[in-house]
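**Q** Reproduced below are the annotations present in Swiss-Prot:
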- Ser2: N-acetylserine (MOD_RES)
- Ser4: phosphoserine (MOD_RES)
- Ser15: phosphoserine (MOD_RES)
- Ser30: phosphoserine (MOD_RES)
- Tyr60: phosphotyrosine (MOD_RES)
- Ser66: phosphoserine (MOD_RES)
- Lys114: N6-acetyllysine (MOD_RES)
- Thr135: phosphothreonine (MOD_RES)
Amino acid sequence: MSESELQLVARRIRSFPDFPIPGVLFRDISPLLKDPDSFRASIRLLAGHLKSTHGGKIDYIAGLDSRGFLFGPSLAQELGVGCVLIRKRGKLPGPTVSASYSLEYGKAELEIQKDALEPGQKVVIVDDLLATGGTMCAACELLSQLRAEVVECVSLVELTSLKGREKLGPVPFFSLLQYE
């Protein structure tokens, strides 16, 4: 991983204390999205990791609603594979499968179209940030319902103090930037 590219990405992450509630330090990726060089570097770094780890053995990138959609298609293009979308409940047409997960204030559900993947296809799940791991864990469950193989989960940012990586169990996880 090129240190200068990683520094370029890291410099574009802003921190906002006490947002959205007191005691939370929010990591904002908006400056990264505004800067084409930084965004391109983030995609190159994630793709470089996946190429070195999995070679050509990835069939699809699965982007998580909603900020995973910002990285999923570009990452898929860089790898020469397709991209599928995992959406919040009620956002996809046609037959879907769903998985629910807990939020601090209730439950939520993710869905994917039933015909999005074939059994045995190798998939990498991408999101902008891993916090508690609930969303990414639900996405893994969803893809297992389709009998796809989740070969890895990746994100731009990981909030290590929330231990989301542990929720993923045996599924490998990679992040470009780690914050407490």
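Glycine is treated like the rest: Cβ placed from N, Cα and C.
Tell me what's around each of these sites.
**A** Counting only residues at least six positions away in the same chain, no Cβ atom sits under 8 Å from the Cβ of Ser4 (phosphoserine).
Under the DSSP three-state reduction, Ser15 (phosphoserine) is assigned to strand. Other Cβ atoms within 10 Å of the Cβ of Ser15 (phosphoserine) number 10 in total over all chains.
Classification of Ser30 (phosphoserine) by DSSP places it within a helix. In this view, Ser30 (phosphoserine) is surrounded by 10 other Cβ atoms within 10 Å of its Cβ, with every protein chain counted.
Tyr60 (phosphotyrosine) falls within a strand when secondary structure is assigned with DSSP.
For Ser66 (phosphoserine), the same-chain residues lying six or more positions away in sequence with a CB closer than 8 A to its CB are Lys88.
Counting every protein chain shown, 13 other Cβ atoms lie within 10 Å of the Cβ of Lys114 (N6-acetyllysine).
Sequence-distant contacts of Thr135 (phosphothreonine), defined as residues of its own chain at least six apart whose C-beta falls under 8 angstroms from its C-beta, comprise Leu64, Tyr101, Ala108, Leu110, Asp127.
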**Q** Once near-sequence residues are set aside, which residues in the chain of Tyr60 (phosphotyrosine), 6 or more away, have Cβ atoms under 8 Å from its Cβ?
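**A** Set apart from Tyr60 (phosphotyrosine) by at least 6 residues yet with Cβ under 8 Å, we have Ala76, Val81, Gly82, Cys83, Val84, Leu117, Gln121, Lys122, Val123, Val124, Ala148.
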**Q** Using the alpha carbons only, what distance in Å do you get between Ser30 (phosphoserine) and Lys114 (N6-acetyllysine) once rounded?
**A** 32
